[in-house]
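What follows is a short report on a single structure.
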C-alpha cells in the first residue's frame, strides 16, 4: 500500500477520519513527536531547516531589489527624495478600468504601481546605492546566497556531512563563533562598508569594485591607525550645511561622535554610525574569545553557572544544574532566543522613529508609521512564542531531580505568589486607568471638562529632563548647564544631542502630558495581563491543583478527555491562545497612541491629542472615527481614488476578523452537525456525488477551532489596522 500522509506518523496515517489531515499538518514541524526520531536526527533536521529559512529570506530580499530595479523609480527618487514617491512594484490587474488605472498611476510611472512604505529606498540610498544597476547586482548576489544556503541545507543532510550531537551541544564553541563571527566580524565588515562606500557616497563619490582600491576613505589613509593618532579620523566632520549625496559642505572625518541629526536628512550622522559599528565590532570580537574551547583558557559556562549560588543561603542553589537543563532542551534555547529577539524587535520599533538611521526617512511619515507598527506586531508574536516554548520545555524537558532547589525549581515552588502578584498588578492598573478615563468621559458628557482628573507624568518628565529636555524647567543633569554631566560632554556629542532633543520637529523625547500618562498605564495594563496569562500558562504547564498530572497530557489537549470534561481550558496551549488576544489588544493601544500623537505632531495641531486623549470618547471620535473617514469614503458616486484599495482592504480586514468569532464562539458539536449536514447533501446531489472521499469527515476539535478562530482574528485585526494606518497617513501627507 502506498504511504499515506503523514509519513512521519504511521498511527495518524491509519486514522480513517479527516483528523489524519489536520493533525498531520499540525504536527508536521513537531519533529520530536515523529516516528523513529532520534536526538541526532532531530538536531540535524532543525539545522537543515535553518538553511532553508535563510534561502527563503535571501530570495525574498533579492526579490525586493529586483522589482524596484525593474519596475521602480529609484534613480528618479535619488534626485529628489522628498518629493518623488518611491515605487515598490507595478500592478498588473486585468480588472482595472480607466479610473483605477489613473488612480494608481503615480510616482512618474507609466502604469498602475504600488508605493513603497517599507523604507527600502531610504535604506539603500543611505548605504551608498545610487543606480538600478546597483540594485540588480545586489539582487543577483542575494540570489546566489539563496542558492548557496539551499545547497548547504542539502549538504548537511548527507551522511558524510551530518554534524554529530556533540557538535550541536558544544555551547562554548557556538557562543565564541556567534559572538566573534556573527556579530563581531559582520559589524566590522559593516563598518568597512560604511567607511569605504556609504560615507564617500554621501559626499558625492561613487565607490565601486573598479575604483575601490584607488580611493582613500580618509586623506591620511591608515597612518593615524598605526601611529595611535586615532582622533585624526574624527577631525573635519561634515558641516551643518552639508547636502547629502554631494561634496557641498562635506568634511573628511570617518569616525565621529557628533550627536544629534544631520540637518538636511534628519537622520543620524553616517560617521557616528560607522564609529558605533566599529565599537560594537571590537566589543564582540573580544567577547567571542571569552569561553574555553581548545586551548584550556577562558571560562567554562558550566563552571560559571555552578558557581552562581546566592551567598546568604536563603535563596536556594541558584544556577546549579542549569547548564545541562538548557543545553539538553531545544525548547528552552528557543524560548530564550525568542524572548531576546522579541525585546530587540520592539526596541527596533522604538528607535527607528526616534533616532532615524536612514536619510530622509523621518520626513516620510507613512513609512515611519508603517515601520513602527510592523515591528511592534512582529515583537508581540515573537514574545508570545517565547512563552509557548517555555511551557513546552516544562512539559517535555524539565527534570525535577536535575534542578533541585535552583532558580527553575524555585519559580515553580513560588508560582502562586508570582501569579497572584501579576494578577494584583493587572487588576490595579485596569480599574484605576479605566476609572480615570470613564470619570473624564462623564465630566465631558456633562459639560464640565474642567472637572477631569488630569495627572502630569512628572517622573517621566524628570527622566526626559535628565536627558537634556529643557522645556519642563527641571534643571537637572543634562538640562542643567552647570552639572558635571553637561560639562563632560560639552565639547563632543552634547551640542548635537541637545539641539536634537529640544527641537520640536523630530520624535526624540516628545513632550508628554496627562493624555500620555493615561495611555501609558493602559498599555501597562495590557502588558501585565498578557504576561500574567503567559507566565501562568508556563508555570502551570506541568500541573495545577485542579489537574496535578497535566504534564502527561502534553502541551494541548482536548476538552472531552478521559472523564475530564472542560480540561482544555487549562492546557498550556490555551494560555498561549488567550495571551495572543491580549497581546494584539496591547499593541493596538501602543500603535493607536504612537500614530495619533505623531499625526498631530506632523500636522502641527498637538493640542488635539493633548485635549482629546484624556477620555475614551476622544479616542473613538477624534482618532478612530475622524481618521477612518477617507476609508469609509474610498468608493463613492464620483468614482475611485488611490485610497480605494485601502478602503477595500479595511472592509476585507473587518470581514476576516469577524469570521474569527464564528470559530471562537461555536464549539465542537456545532461543527460536527454542520459537516454531517453538508456531507449528507453532497451525497444526494447529482454530479456532486460522483466525487467521493475516503476519510470520514469529523469536526474540528475545540482546540483546532480555537486555532482557526485565533488565526482569523489576528490576521483580520492586523489587515484592518494596516489599511487604516496607511490610508489615513498617506491621505494627509501624500
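The backbone N, Cα and C atoms fix where each Cβ goes, and this holds for glycine too.
Keep in mind it's a predicted model, so treat the numbers as computed, not measured.
As stated in Swiss-Prot, the feature transmembrane segment covers range 417-439 out of the listed 233-255, 302-324, 417-439, 440-462.
The range from 643-665, 666-688 that Swiss-Prot describes as transmembrane segment is residues 643-665. Taking Swiss-Prot as the reference, the stretch among 72-98, 99-125, 369-395 described by the feature transmembrane segment is residues 369-395. Check Swiss-Prot against the ranges 487-508, 553-574, 575-596 and you find transmembrane segment recorded for 575-596. According to Swiss-Prot, the feature transmembrane segment maps to residues 135-158, out of the candidate ranges 135-158, 207-230. In this chain, the transmembrane segment (575-596) lies in contact with the transmembrane segment (707-727); the count of Cβ pairs under 8 Å, excluding pairs fewer than 6 apart in sequence, is at least 3. Counting residues 6+ beyond its ends, the transmembrane segment (643-665) has Cβ neighbours under 8 Å at 100, 103-104, 628, 630-635, 700, 705-706, 708-724, 726-727, 730-731 in the same chain. Ranking the binding-site residues 559, 568, 654, 671 by the distance of their Cα atoms from the Cα of residue 662 (chlorophyll a B3 binding site) places 671 first.
Most Cβ pairs under 8 Å to the transmembrane segment (369-395), among the stretches 135-158, 175-199, 330-353, 575-596, belong to 330-353. The binding-site residues under consideration are 559, 568, 662. Their Cβ neighbour counts within 10 Å are lowest for 662.
Close to residue 654 (chlorophyll a B1 binding site) in the fold, though at least 6 residues off in sequence, lie 716, 720, each with a CB less than 8 Å from its CB. Residues 42-43, 46, 361-362, 368, 371-372, 374-376, 378-380, 382-383, 385-387, 389-390, 392-393, 396-397, 507, 594, 598 of the same chain lie 6 or more positions beyond the ends of the transmembrane segment (330-353) yet place their CB under 8 Å from a CB of it. Using a 10 Å radius centred on the Cβ of residue 671 (phylloquinone binding site) and all shown protein chains, the other Cβ atoms total 20. Taking CA atoms as the reference points, residue 671 (phylloquinone binding site) and residue 568 ([4Fe-4S] cluster binding site) are 18 Å apart.
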